[in-house]
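Inspection log for the structure reproduced underneath, given as structure tokens.
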Amino acid sequence: MSEAAITNSAQGSYPVNPGGRPSKVAIIGAGAVGSTLAYACVTKGVAREIVLQDIAKEKVEAEALDIAQGIQFTSAGSVQGSDDPEICRDADVIAITAGAKQKPGQSRLELAGATVGIMEKILPKLVEVAPNAIFILVANPVDVVTYCAKKITGLPDNRIFGSGTVLDTARMRYLVSLETGTATQNIHGYIAGEHGDSEVALWSSTEIGGVPITQWGDTITGGQFDQATRDRIASDVVNSAYRIIEGKGVTNYAVGLAVQRIISAVLNDEQRVLTVSPLLSNWHGISDVCMSVPTIVGRDGAGRRLELPLTLDERDRLTESATRLREAARGLGY
């Protein structure tokens, strides 16, 4: 165990398990996303114990130590880093960010082969040391990786799912807020399908304070929130990651906060609707694929998949997105 096994004596507000055991979150991968996720979990007091695991020993110990030395300013209890998967033993949630790095202009699906190869190596040991954990896949292409991970582990459908389009949904709401001048918290709408190029903005069910977005009218710039505006926002959501990667090489802050939100929903049993990526079975006729749909997330993981009303166009595009993801998984032998 590294020097980063520093504890905070202050009583935090983090959740505990039904039996009274303090909660524990394990994050696999100490790169930009994993380290930012660990930092987000610490600052939010998500769990009593946060552990980072990565094959790069010096890197993971340094990242954990850097975060741990600031825990006196948070409600977190301890932060540890190690290259040994044993550090993840008895974790309640395991978030897997380790994967091949996305290059400028490279689609998420092009990352699939290398990242799935990593999953084949690390997942069996993680299931061994934390057999009761909820597994959240974050590494891209997250939907394909999640499907393959489900097949590799054989875990129940509720206990393994991807971070999906939780971030994309947040991006959409942010962009809508800029057009309408309303708080993102009052915007209710979702991005579904692939976390990537074929994702679908579900405009038909999007609303602001009970007003359907299709009836919103003027934007704050004097234009109309029309189909052209909606198409532009949907395109900007898809291209956000590419724009950020081109400028700084990686996306990490927003995704770290998004995954922290999912982990909190699990540990606090919030029963929160989030667009995670679970295995689907006859969701609007779509089966045998992991992709994002509005899902109730709580202590048992991914619960009910909500069947929002869809237009024919939305349904057809989601079916196409599912076909694309299914074919990618088949191409990898899953």
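Just so it is clear, glycine is given a Cβ too, placed from its N, Cα and C backbone atoms.
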Identity of the NAD(+)-site residue among S163, S177, S198 (reference: G29, A30, G31, A32, V33, G34, D54, K59, G99, A100, V138, A139, N140, source: TrEMBL): S163
Predicted model, mean pLDDT over the domain 'Lactate/malate dehydrogenase N-terminal' (24-162): 94
T251 (substrate binding site) and G99 (NAD(+) binding site), distance between Cα atoms, whole Å: 14
Euclidean distance between Cα atoms of R173 (beta-D-fructose 1,6-bisphosphate binding site) and G29 (NAD(+) binding site), Å: 29
Quick one: Cα separation, D54 (NAD(+) binding site) versus T251 (substrate binding site), in Å? 19
Sparsest Cβ environment (other Cβ within 10 Å) among recorded positions R173, H188, H195 belongs to H188
Need this for a regression test: recorded positions A170, H188, Y242, filtered to those with Cα within 10 Å of V33 (NAD(+) binding site). What's left? none
